[in-house]
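Visitor: Taken from TrEMBL, the feature active site, proton donor applies to E160. Annotated active site, nucleophile per TrEMBL: E236, in sequence order. Residues annotated as domain 'Glycoside hydrolase 35 catalytic' in TrEMBL: 14-326. Residues or ranges marked as domain 'Beta-galactosidase 1-like first all-beta' by TrEMBL: 371-480. Residues or ranges marked as domain 'Beta-galactosidase galactose-binding' by TrEMBL: 501-559.
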Amino acid sequence: MRGARVLTTAGDGFLLDGEPFRIIAGAMHYFRIHPDQWADRIEKARLMGLNSIDVYVPWNAHQPRPGEVVLDGILDLPRYLELIDRAGLHVVFRPGPYICAEWDGGGLPAWLSTSGVRLRSSDPAYLEAVDAWFDRLLPVVTPYLGSNGGPIIAVQVENEFGAYGPEDPDYLRHLADGLRRRGVTELLFTCDQAEGDMLRRGGLDGILRTVTFEHADGALEKLRRHQPTGPLMCAEFWDGWFDHWGGPHHTRDAADAAADLEKVLSAGASVSLYMFHGGTNFGTTNGADYKHVYLPTITSYDYDAPLSEAGDVTAKYRLMREVIARYAPVPDEPLPGPAARLDRAGIPLDEVAGLFSAAPGLGTAVASESPLTMEQLGEHNGFVLYETALPSAGPMVLAIESFADRAQIFVDGAPAGMLERGRTERALTIAAGRDGATLSVLVENTGRVNYGVHMNDPKGLLGPVLADGRTLTGWTQTALPLHDLTGLAFAPAGDRPPSGPAFRRGTVDIDEPADTFLSLPGWEQGMAWVNGFALGRYSARGPQRTLYVPGPVLRPGRNEIVVLELKAATNRTVDLVPTPDLG
Ligand code: GLA
C-alpha cells in the first residue's frame with residue numbers, strides 16, 4: 001500500500017491529496033462475480049478509463065446468522081479491495097447497511113427484516129443490529145481506508161434513503177456518527193434520486209449529497225438546488241437496467257447512454273456508472289420488486305452494462321470509453337478481444353433423484369401443529385417442503401391464505417396444482433384418492449423484496465391451510481436451502497422418471513475450461529448447478545433463456561451438471577452454448 005490517500009472538497013470540485021480530482025467510477029459487485037474473475041474485471045475497468053470501483057456490501061450474505069461473519073470465496077471483501085488497490089484504482093465504498101441493488105432483501109438479513117424491527121429507522125432494536133454488524137465489518141475494512149494508505153476514498157451513508165418511508169435524520173446521523181466512531185475519516189456522502197424532495201429527505205447537512213439518475217437533464221441542476229456549493233456527483237448513472245421473470249428484457253441504447261455520460265462529464269461532475277459490470281445473481285441471491293404485485297428479479301444481472309455478464313467489452317464500453325477519454329486520461333492500451341467459449345449441444349442428464357425422496361437428506365424435518373415459516377425453521381433461502389394428511393377422500397377446495405412465493409401442491413406425490421404470489425391466487429380444487437392422503441406443499445422463496453416498504457418479507461406458508469374450510473393441522477416441514485447437493489442419491493432415469501420435482505444429473509467432458517452459457521430448451525422452471533456451483537434459477541417464462549457458467553467453475557476432464565426441474569421437462573438434455581440469450 002502507498003501513503004495516505006485523502007479525498008476532500010474544495011469549491012465545486014474534489015481534491016485528492018490536494019490535487020484537483022474527478023471521480024469516474026463504475027459499480028461492480030464482488031458478490032456477483034466469480035472470485036477468480038475479479039482481477040480480469042478490475043483490469044477492464046481500468047482500461048475503460050475508470051479511476052474508481054464502486055463497492056456495495058451485502059450484509060445478509062456476510063451475516064447469514066446473527067453473530068456469524070462470512071468473508072471467504074465470493075465474499076472475500078479484503079481480497080477484492082486488495083486487487084482494486086493493486087490495479088491502481090480507488091474505491092467508493094457503500095456499506096449500506098441497506099443496499100437495494102436488486103439483491104435479496106436489499107442486503108438486509110432476513111433474520112432481522114422478519115423480526116419485527118422497524119427497518120431503516122432509528123428503532124433501537126434495528127440500530128443495535130446495525131451497530132453489531134458495523135462493529136464486525138469496519139475492523140475488516142480499516143486497513144483499506146485511504147487514511148491508512150488503502151484504496152477507499154469515500155464512504156456512502158445508507159442508500160437512497162429519501163426514497164423510503166418517513167424522514168428519520170436521527171437514523172442517518174447515527175450511521176454517519178457510527179462510521180466516524182469506528183475510524184472512518186474519509187469523505188462521507190449520501191445518494192438520492194432527483195425525484196420530489198428525496199434529495200432533501202435522504203441527506204444530512206454537512207454531508208455531501210449526490211444524485212442517482214438515468215437521464216442527466218435537470219438532475220444535476222436539482223442536486224445543485226439542494227446543495228448550493230460543493231462537487232456535483234451522480235453516484236449512480238443507470239446505463240442499463242434489470243429484468244423480472246416474465247417481463248421484457250431491458251436494454252439501453254449505447255449511444256443514448258454515452259450521450260448522457262457526456263452531459264455529466266461536460267458539466268464537470270463526478271460519476272459512477274451503475275453498473276460498469278453487473279455480474280450474476282448466483283444461487284438464490286436475487287431480490288424482487290413489489291409494485292402492486294410481487295415481481296422477482298432474474299438470475300442474470302448483465303444490466304446491459306458496458307462490460308457484459310461474461311466480462312466482454314461491448315459497443316457501449318467502447319463508446320463510453322471514448323467519452324471518458326475527452327475528459328480524463330484513458331490507458332492507451334489495446335482492449336482485450338472476446339474470450340473463448342465452450343459450445344456443446346445435447347448433454348444428456350440421464351440420472352435422477354426425486355426431490356421428495358431426497359428431502360430427508362437435504363434438511364431436517366420439524367413437526368408442528370400449524371405450518372412454520374422458513375425463518376422459523378432457521379433458514380432464509382431455497383424451499384420448504386410441507387406435509388400433512390388430508391382428512392377425507394374426494395374433491396375439496398384447498399385454500400392457502402398466505403404464502404411466499406410459489407406453492408406447488410401434490411396429493412400422494414401426484415402434482416395437483418400451483419399457487420403463485422405474483423398472481424394473487426389463494427385457492428384451488430384438489431382430489432384425494434383415499435382418506436389420509438398425503439398433502440405436500442413445496443414452497444419456493446423466489447427472492448426477497450429489495451426496494452420500498454415491503455422488505456419485511458417472510459417466506460414459506462405464512463398462515464393456515466384449509467381444506468373445505470377446515471384448518472389442516474399436524475404438519476411436518478423441511479427447509480431445503482440446497483447449499484450442498486453432495487448427498488443426493490442419483491439413479492438411472494429409466495423410461496418413467498418420478499413425477500414431481502426432481503434433480504437430473506449428467507456429465508460433460510471438457511479439455512479446456514472456458515466461459516459458457518447453460519441453455520435449457522424444453523425445461524420449465526428450477527435451478528441449475530455445475531460442479532456444485534449454484535448458477536441460479538431458470539424459468540421458461542424468460543426473458544432470460546441461458547445461465548452464465550463462469551469458466552473457473554469448470555475443470556479439465558469430467559464435469560457434473562445438476563438441474564432441479566420443479567414442473568416438467570419435455571427434454572432430457574441441456575446445451576452449453578457460446579452466446580447468452582437474455583431475451
Ligand atoms: C437504485 C439503487 C440501486 C439499484 C438501482 C436500480 O439506484 O440505489 O441499488 O437498485 O436503483 O438498478
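Each Cβ is built from the backbone N, Cα and C atoms, and glycine gets one as well.
Curation plays no part in TrEMBL annotations; they are all automatic predictions.
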Visitor: Please list, in sequence order, the residues in the chain of E160 (active site, proton donor) that are at least six apart in sequence and whose C-beta is under 8 Å away from its C-beta.
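Guide: Spatial neighbours, sequence-distant, of E160 (active site, proton donor): C100, C191, D192, Q193, M198, G202, T212.
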Visitor: Could you say whether, by DSSP, the residue listed as 'active site, proton donor' belongs to a helix, a strand or a coil region?
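Guide: It is coil.
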Visitor: Using DSSP, how many residues in the domain 'Beta-galactosidase galactose-binding' (501-559) fall into helix, strand and coil?
Guide: 3 helix, 35 strand, 21 coil
Visitor: Under a criterion of Cβ-Cβ distance under 8 Å and sequence separation of at least 6, what residues of the same chain contact the residue listed as 'active site, nucleophile'?
Guide: A27, C191, T212, F213, S272, Y274
Visitor: Residue counts in helix (H, G, I), strand (E, B) and coil for the domain 'Beta-galactosidase 1-like first all-beta' (371-480), per DSSP?
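Guide: Helix/strand/coil tally for the domain 'Beta-galactosidase 1-like first all-beta' (371-480): 3 helix, 58 strand, 49 coil.
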Visitor: Going by DSSP, is E236 (active site, nucleophile) part of a helix, a strand, or coil?
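Guide: Reduced to three states, the DSSP call for E236 (active site, nucleophile) is strand.
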